[in-house]
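Structure first, then comments.
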């Protein structure tokens, strides 16, 4: 594989980010061209992925490159430089809608067979299956994670802080988690000293052995086995419900059913059947017939009973209501519509819901539409303790103050599907009592657990190479930012102790003179980080994959009000770099606003920041000093944009995404013109800076004039490029200025 | 000064402990005699101290030795071995009662002049002044403090745990403290590198300098200056009251007006005048005339208005009631009698009240006689944070479990009036705005604070020799008990940072190989200690004087239900040892029960334990192996006594202090007879063991037979020895057995 050596690959994704790209890229290219850098589009949109999956059904004209495969290969290239925007993690309804749109555009793509009849349809299901869900990240994230709040964003927040709900010292809110019987307490962990094949086996009570899965482990790979007791989990739920009822606090459940897509829906389902115990006891038989799946939430009950005769349905609905009389108040997702915390498993996602709650005075919304203190139930104790620590901290010290608080960047172990986040295909719900064990090729039992029917057993893998790279990244970040770094490793957790051995070994590969690098339990680490934070001090969190995910929402939401403003870098194992932008998805609601009112509120701040580090990296690796100048000046421009409040407004008629791009271009050009490192470059951009400034009113006027009326995009998943271009670049003046730049 | 080299000095004190001594000593001497150890009485009772203060007014027969002066000198003797029982810290009413009793017994002692007229009475007041308050401890505590829970007591508690109130995870209880303007935030600290004289000066706004105090500092002595802002304190009280009112939790105040006898009554007084703001505003002039002193609590108001005409008094009483409508509920000392937290400054003492609250589910008693969550107000943030830490810990992990928890012994810096606890004579309430400073002989300003009228300024001293000894004691205890030791030193506290330098230096004087000795902030230290504790692990707390005092109540009350069961050793700077027994005073209520029902519920457990370490020390220092055997066997006897539940009952008719002493003697004799280290000694005690066992029923019967009727002691402060002996040794059989032992 060869790549042009001075190329930034910019992903074309879906929905709002893809619209924004159409406006932003022409501006960006005006700058990068001056440094001989090409910015190439790589299409990883859902539509693009579908089309590239069926080349044999398309005409030559219709065929598209498989952008994801291309980028997947590129991750192995030391020169890779990728800017990755948010994309759709497709659900089945989204997949079907996209297929229908493509078909209507004349693409001969087969329909998705929801129930597969025959081998052909089964094969088709498998083929489409690869496009579903989080299909992109596992391919591209061939490195660990470096996430931080850029200085410009911190400066902006210090000036324009987001709201933070006051904490009462007498708050009743708390986290509640299992004290035994969970994954944490059963975890066993082994590092294999040489390459080996292992079998995950179930041994039934009668001695019969079933191989559940076979794995190939690399030398130095860590493998964990653990389980959650169904009985202990259900007892725990019952206790928390009784305790909440007794003490008068609201009850809420926080899991991550989207990411932990095998284990957490089951956990969620138990919460549903324990909360609505009387309902499920009374109607158990009927629900079985109706194929009610509690793992899909109470919504599944409402869904399945909708076809029943009215009287029968009403009886069940009354029985649902009756449950509320014996149970504590439950946190609501939408109290007006009566959508509770147990309605759908994907509505309350721990890494988003807990920071939101902590930011809102430790409260959630009750059935009466009022904010209330709550018991936040997070069964698995491994990670939930960090939330209790922060809750206690806020009770003691009050809400965090964004204008003075320090920052907690993260260096996260992520590469090669590390830890729990790669465990989906190794997670099993037990169908009978017996023993789960992991056995290596020599027959040695590596882990072993007595399990009961209903227990959730899982194995997790952590390869050695990513760990080594993660330690290196931590040292590098500590050195570059002159900031203490803490490895969050719990001495009471089997897996972490295996990891700690590696950390201690690999730290010796680096010069750590003058650095403050420590290993601490999660409790100690978060506490120290917070103590430092309220004194304005920064602390790098160096964590495993799950904490990476949780902390890069938790701290940013306190510090910045959102995690979307974080800089997210994936330094690839092979030397390349990926720069992720934003968080929180691809914003379908924003597209709707464009279609109805031609106003795009998408904030490209993430793209600005990602581009700056992408350029910075290119400057260093390719010895391209102009890239370095462009990087620095882009950061200055972003800072000025934030300071002057030229981010997109949510309101139609005010500055939107396109206007914000104009100001970025203006400030960037001015910054390049003003810098003295590269006089020639300054001279090159001085005219552009002047022209843009002179035409500010005209351009902003043209951009705002189009707003307020519907905009036709000619497609949603696969909108026509020309139409999108017309909509997203409506300022003739700006287009002309860009076209004639540097001439 | 010469002392008999094989002597234990046993203090004769007051009230219940002195009665117990009369019964216990004959038994003890039966054992110590066999090791050639003399147990001598040294009278430090209030009556004894008064008599020894006026030798010129007494006949030769009446004259007594000055026991306290004798022991004070003895503390400088490397061979000193003192067992110190609780004594009366005399208030003025107690002093007057004691004088009256002595006068009635024919002692020509002058009365105490409450208001002094003329030089003679003034001189008398000064003479009596030395006997008031905590007059004994400063003389005897010529060393640092080593306090721990004896193994036998821990074993007993694991078998018979005290009650622990359940903690709700949703508890609203919390500690509240100042975030600025307190002693903590203003503390300045300096170590003088050579002997010097310093002046504490006030510089008025007009430049006039007043010397408030002159001090001589030793080489290496630490001197601190700090102040509490009156304005900040009053604002803080107002805020806590509003916050409690708003959030609906009860309000409570926790200070230590007894020990911090200058600063804390003033702090308390501000709480009173802020809580009853409307009352003091309305009746300010009248209260001034009446000499109402809010520092003495609301009780002072009730006291002073009692002489007013009824209508006027009733108006004020109504105005008091009106205050309660605008204020939060207040914690009560006695809800039946309407005695609130603000009634008297000595009723709620932080080091006792906070552990009691934490042990009682984090609740105190409300005006309605119900237990409730409370805001625990402790203005000075220096130490109050440890309570918040424990509260958060209990909310998170539930109440401590005495049957499984580890122990936190204390090594406390105490010698030579270290730190705040020696600051009374260097504490000043400002009467005008200006500057407080400490200036050395060369004119160098060591500390300087801008102060306002009403602010409380204080200086604290910490001498070098005690610090050096304290570090040594910490290392010794860590080594002897093979337990990690944590120096609690706050990096954000000026004084602690001076201390930390010394600790780091003096640690190098010792072999710390293999020891786990750390320096941590209070928050970190208590958190780690608690985390270890709930996992059954022990951690030595090495602290300054105030934390010594607080922690030796806090942890014992969780671990043992009381601090009275702690072993308290003062290894003297000069090499001797003092063994303190019990805590919680000399129990006047116990004496009352004896007078009415001839039942003494005083528990001599503290004396048993102190005697065991006293003997252990003698065994080592004097190379007296029999003392060692007696020490070991006494510990065994104490363990058996606890296990067989032969401690005194509170109920008349059941086993009391005297019966408990009998069982100690029995078990001790049996243990000596059973040991094999010293066969001769075993043989010597075998007959005693047999005789006591044979006569168990008779002796216990005789001891119990006297109960239920009044007992006349012929005096309270200075009861007749012969009468006390008759009352406290009523078993003719036991007396006969002891008299004829070893013959």
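Cβ atoms are placed via backbone N, Cα and C, with glycine included.
Automated prediction, rather than curation, is the source of TrEMBL annotations.
What TrEMBL annotates here:
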| type | residues | note |
| --- | --- | --- |
| BINDING | B:84, B:85, B:86, B:87, B:88, B:89, B:137, B:585, B:586, B:590, B:601, B:602, B:603, B:650 | NADP(+) binding site |
| BINDING | B:134, B:135, B:136, B:137, B:138, B:139, B:140, B:141 | substrate binding site |
| BINDING | B:147, B:548 | D-threo-isocitrate binding site |
| SITE | B:256 | site 'Critical for catalysis' |
| BINDING | B:351, B:549, B:553 | Mg(2+) binding site |
| SITE | B:421 | site 'Critical for catalysis' |
For residue B:548 (D-threo-isocitrate binding site): DSSP state (helix, strand, coil): helix
Least surrounded among the binding-site residues, given as B:88, B:135, B:136, B:140, when other CB atoms within 10 Å are counted: B:135
C-alpha spacing of residue B:147 (D-threo-isocitrate binding site) relative to residue B:553 (Mg(2+) binding site), in angstrom: 10
Site extent for NADP(+) (largest Cα pair distance over B:84, B:85, B:86, B:87, B:88, B:89, B:137, B:585, B:586, B:590, B:601, B:602, B:603, B:650, Å): 29
Distance [Cα-Cα, Å, rounded] between residue B:88 (NADP(+) binding site) and residue B:134 (substrate binding site): 8
Cα proximity to residue B:603 (NADP(+) binding site), best match among recorded positions B:134, B:138, B:139, B:147, B:256: B:147
Cα-nearest neighbour of residue B:147 (D-threo-isocitrate binding site) within the listed recorded positions, B:135, B:139, B:256, B:421, B:549: B:549
For residue B:84 (NADP(+) binding site): DSSP state (helix, strand, coil): strand
Same chain, 6+ residues apart, C-beta under 8 Å of the C-beta of residue B:548 (D-threo-isocitrate binding site), given in sequence order: B:145, B:147, B:410, B:412, B:413, B:414
For residue B:421 (site 'Critical for catalysis'), the one of B:135, B:139, B:256, B:351 that lies nearest, given that the recorded positions are compared by Cα: B:256
Residue B:147 (D-threo-isocitrate binding site): secondary structure state under DSSP, collapsed to three categories: strand
Spatial neighbour of residue B:139 (substrate binding site) that is closest, considering only the recorded positions B:84, B:256, B:351 and their CA atoms: B:84
Nearest-integer angstrom distance between the alpha carbons (Cα) of residue B:135 (substrate binding site) and residue B:586 (NADP(+) binding site): 15
Residue pair residue B:549 (Mg(2+) binding site), residue B:138 (substrate binding site) - Cα distance, angstrom, rounded: 14
Rounded distance in angstrom between the Cα atoms of residue B:84 (NADP(+) binding site) and residue B:136 (substrate binding site): 10
Cβ packing number for residue B:421 (site 'Critical for catalysis'), 10 Å threshold: 22
Residue B:256 (site 'Critical for catalysis'): tally of other CB atoms within 10 A of its CB: 27
Neighbour count (Cβ, 10 Å) for residue B:141 (substrate binding site): 21
Secondary structure of residue B:140 (substrate binding site) (DSSP, helix/strand/coil): helix
All-chain count of other Cβ atoms within 10 Å of residue B:549 (Mg(2+) binding site): 23
Other same-chain residues whose Cβ falls within 8 Å of the Cβ centroid of B:351, B:549, B:553, the recorded Mg(2+) site, in sequence order: B:349, B:350, B:352, B:355, B:550, B:551, B:552, B:554, B:563
Nearest of the recorded positions (B:86, B:256, B:351, B:601) to residue B:138 (substrate binding site), judged by Cα-Cα distance: B:86
